[in-house]
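> Pasting the feature list from TrEMBL:
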type     : residues                                                     : note
BINDING  : 11-16, Asp36, Arg41, 89-93, 130-131, Glu164, 275-278, Arg345 : NAD(+) binding site
ACT_SITE : Cys275                                                       : active site, nucleophile
DOMAIN   : 331-456                                                      : domain 'UDP-glucose/GDP-mannose dehydrogenase C-terminal'
Amino acid sequence: KIKMVKICCIGAGYVGGPTMAIIALKCPAIEVVVVDISVSRISAWNSDQLPIYEPGLDEVVKQCRGKNLFFSTDVDKHVSEADIVFVSVNTPTKTRGLGAGKAADLTYWESAARMIADVSKSDKIVVEKSTVPVKTAEAIEKILTHNSKGINYQILSNPEFLAEGTAIQDLLKPDRVLIGGRETPAGFKAVQALKDVYANWVPEDRILTTNLWSAELSKLAANAFLAQRISSVNAMSALCEATGADVSQVAFAVGKDSRIGPKFLNASVGFGGSCFQKDILNLVYICECNGLPEVAEYWKQVIKINDYQKSRFVNRVVASMFNTVANKKIAILGFAFKKDTGDTRETPAIDVCQGLLGDKAQLSIYDPQVTEDQIQRDLSMKKFDWDHPLHLQPMSPTGSKKPVQVVWDAYEATKEAHAVCILTEWDEFKKLDFQKIYDNMQKPAFIFDGRNIVDVKKVREIGFIVYSIGKPLDAWLKDMPAV
């Protein structure tokens, strides 16, 4: 009788939760346990209100939970019983010390590795699932082998390529699954064991196997290439506004070239999310450490253009409104970094809101999935702090007349406002009754569309002054140039 394979995943976040849910769904013969030291997070996974919002996730979890999918805080027990241990913990950007602002902070990774070494009584395959800088696997391997007590460990790199908002579909039908391992007999065997898990639902030709470093670097490279496309089109959007070209038309024409293709060519207020900036900073750091300053500089520029795009947006808002937004009510529609997720990590909304608050604006914010607590916390946090544990983060500041109000619908947010800034492309924003919004706003009424989702012609006819990224400017905006 073949012993049932047991998988344990350390870390119950955006990667660990959905990935393990799909493995459980597709591999009924495998027992899957997700462990985390956070009691509140595990309780949420065991409740009706999951800790993350992802279309389709609820159904999968409810179908498997209690059968072959479990969520537990008993980390030691489940890690020691597992055959395959996925490590999916945070790798935030260091905020101090060597490599601060660029290098990844491997504190959580290292403590996970030491814990695995402490509790293991049988051989294990340890799978690196979080995005980590190249050579992490080697560090983890050292910790495990030096504490091995005669147990054999094989380290694999299996980076995730999930996009938030479509994670379940990305897991069910991945473009590719990447597994990197040591090119030794034991390494090949471990790679095969993980391949066998994915082969339950992923076609063979989509499971790529590489050496350890290639797998780690491919993840950073993929994210850097994607972010670079966004920064490239955003750089073009500034030129379009200056010349009267239309960035959507330019992007469409460029995207028709099959070598370039249409994806990731949407101009916007900037990219966000937990990976792009972090991974590129990581890449920059690795290039610098390897004596490649020109390469580091090239990738740094991708982030600089992203920051420029956000500050350009804020400048446009302030310049259009007679060079001041002091005490003006500005409605912010959307705070998550993109639609269909409640995730606010590195969302461009943070920089835009802070820029407007810096000029003393009164903000009224509405997002269908982000809580008031989260928004207040994000706006009072220092850069890079979002990825560190909650207890290190500032409490929401309590002011008398709060400059930031969080409300529960778009009409409430826009009532009596001078301007509307659309910062997330939620589908519901396309269906808003803009006539009703216009009637209840101060005049002149402005729309600053950071995601190019409104029908510009229609809202102009209603009477709005509209700024759409990379689109020909209203006469009004030409007369009030952003400095």
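Along the chain as shown, the residues are counted starting at 1.
The backbone N, Cα and C atoms fix where each Cβ goes, and this holds for glycine too.
Just so you know, TrEMBL annotations are computer predictions that nobody has curated.
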> For the domain 'UDP-glucose/GDP-mannose dehydrogenase C-terminal' (331-456), provide the mean pLDDT of the predicted model.
91
> How many neighbouring Cβ atoms, not counting its own, are there within 10 Å of the Cβ of Asp36 (NAD(+) binding site)?
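Result for Asp36 (NAD(+) binding site): 23 neighbouring Cβ atoms inside 10 Å.
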> Per DSSP, what is the residue tally for the domain 'UDP-glucose/GDP-mannose dehydrogenase C-terminal' (331-456) in helix, strand and coil?
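Tallied per class, the domain 'UDP-glucose/GDP-mannose dehydrogenase C-terminal' (331-456) gives 41 helix, 19 strand, 66 coil.
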> Can you give me the Cα-Cα distance between Asp36 (NAD(+) binding site) and Cys275 (active site, nucleophile) in Å, rounded to a whole number?
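The Cα atom of Asp36 (NAD(+) binding site) is 21 Å away from the Cα atom of Cys275 (active site, nucleophile).
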> Measuring Cα to Cα, how many Å separate Cys275 (active site, nucleophile) from Asn90 (NAD(+) binding site)?
11
> With an 8 Å cut-off on Cβ-Cβ distance and a minimum sequence separation of at least 6, pull the same-chain contacts of Thr93 (NAD(+) binding site), or say none.
Gly101, Lys102, Ala103, Ala104, Asp105, Lys278, Leu281, Asn282, Phe384, Asp387
> Including all protein chains displayed, how many Cβ atoms other than that of Asn90 (NAD(+) binding site) lie within 10 Å of its Cβ?
16
> What residues, ordered by sequence, lie under 8 A Cβ-to-Cβ from Tyr14 (NAD(+) binding site) and sit at least six positions away in the same chain?
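In sequence order, the residues whose Cβ lies under 8 Å from that of Tyr14 (NAD(+) binding site) (at least 6 apart) are Ile52, Glu54, Leu162, Glu164, Ala167, Ser274, Asp343.
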